[in-house]
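For LYS93, GLU113, ASP114, ILE115, ILE116, THR117, THR118, GLY119, GLY120, SER121, the entry in Swiss-Prot reads 5-phospho-alpha-D-ribose 1-diphosphate binding site. The orotate binding site annotation in Swiss-Prot covers THR117, ARG145 and is backed by sequence analysis.
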Amino acid sequence: MNLEQIYKDCGAYLEGHFLLSSGKHSQFYLQSAKVLEDPKLAAKLCNELAKIIASYKIEFDSICSPALGGILAGYELARACSKRFIFTERVNKEMTLRRGFEVKKGEKFIICEDIITTGGSALESAKIIESLGGIVVGFAALANRGFCAVENLKSPRKDNAKLPENLPLFTLGNFEFEIYDETNCPLCKKGSKAIKPGSRGN
């Protein structure tokens with residue numbers, strides 16, 4: 001499966017000057033919503049991801065995703081795995097579990113995102129699950145931006161990665177994009193301003 005080509009064909013592989021959710025800047029952005037707007041394609045991708053997870057014989061009960069970006073990928077993965085799905089969301093900038101969702105003591109979860117950059121949002125969701133008595137057994141995403149180690153791709157962990165080293169991450173592919181702090185961003189130095197994806201229709 002050529003994940004990069006799928007993103008390009010869907011108009012989801014964007015080039016510009018972007019402010020990522022991690023606070024970093026990048027010349028490229030993956031707009032997964034454009035990929036997941038096609039139910040058949042979303043199902044195809046998440047079915048493939050489910051097969052990868054199953055091949056590692058990871059036992060889990062439910063899937064949790066951080067809103068907003070992870071919801072579609074997480075729901076489709078849960079459907080492919082025949083598992084329960086819940087999501088966390090930010091309230092006053094703090095990740096929380098709402099809407100009557102519950103976590104049973106000892107319930108095993110995979111945390112699913114659309115894209116993993118440093119893994120910060122996924123880690124926040126994992127901490128919520130664990131604080132309520134759940135057990136996080138792994139992470140999953142359609143794609144990894146190259147910072148976190150991916151179990152099935154045998155890709156190495158880099159300094160910016162926030163996901164725990166003792167838990168596996170499964171993805172369909174890696175995108176190796178440079179990301180920058182605002183202070184050393186070459187795009188900023190050229191005078192352009194970083195745009196938060198979605199703020200101007202992108």
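Backbone N, Cα and C atoms are what each Cβ position is placed from, and that goes for glycine too.
Annotated features, which come from Swiss-Prot, shown on the structure.
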residue: LYS93; record: 5-phospho-alpha-D-ribose 1-diphosphate binding site; contacts (Cβ under 8 Å, 6+ apart): none
residue: ASP114; record: 5-phospho-alpha-D-ribose 1-diphosphate binding site; contacts (Cβ under 8 Å, 6+ apart): LEU30, SER32, ALA33, LEU36, GLY69, GLY70, LEU72, ALA73, ALA141, LEU142, ALA143
residue: ILE116; record: 5-phospho-alpha-D-ribose 1-diphosphate binding site; contacts (Cβ under 8 Å, 6+ apart): ALA122, PHE139, ALA141, ALA143, ASN144, ARG145, PHE147, CYS148, LEU163, LEU169, THR171
residue: THR117; record: orotate binding site; contacts (Cβ under 8 Å, 6+ apart): LEU20, SER21, SER22, LYS24, ARG145, PHE147, ILE179
residue: THR118; record: 5-phospho-alpha-D-ribose 1-diphosphate binding site; contacts (Cβ under 8 Å, 6+ apart): SER22, LYS24, PHE147, CYS148, ASN160, ALA161, LYS162
residue: GLY120; record: 5-phospho-alpha-D-ribose 1-diphosphate binding site; contacts (Cβ under 8 Å, 6+ apart): SER21, SER22, LYS162
Looking only at Cβ atoms, how many others are within 10 Å of the one on ARG145 (orotate binding site)?
27
DSSP on GLY120 (5-phospho-alpha-D-ribose 1-diphosphate binding site), three-state: which is it?
helix
What's the longest C-alpha separation between any two of LYS93, GLU113, ASP114, ILE115, ILE116, THR117, THR118, GLY119, GLY120, SER121, the listed 5-phospho-alpha-D-ribose 1-diphosphate-binding residues, in angstrom?
20
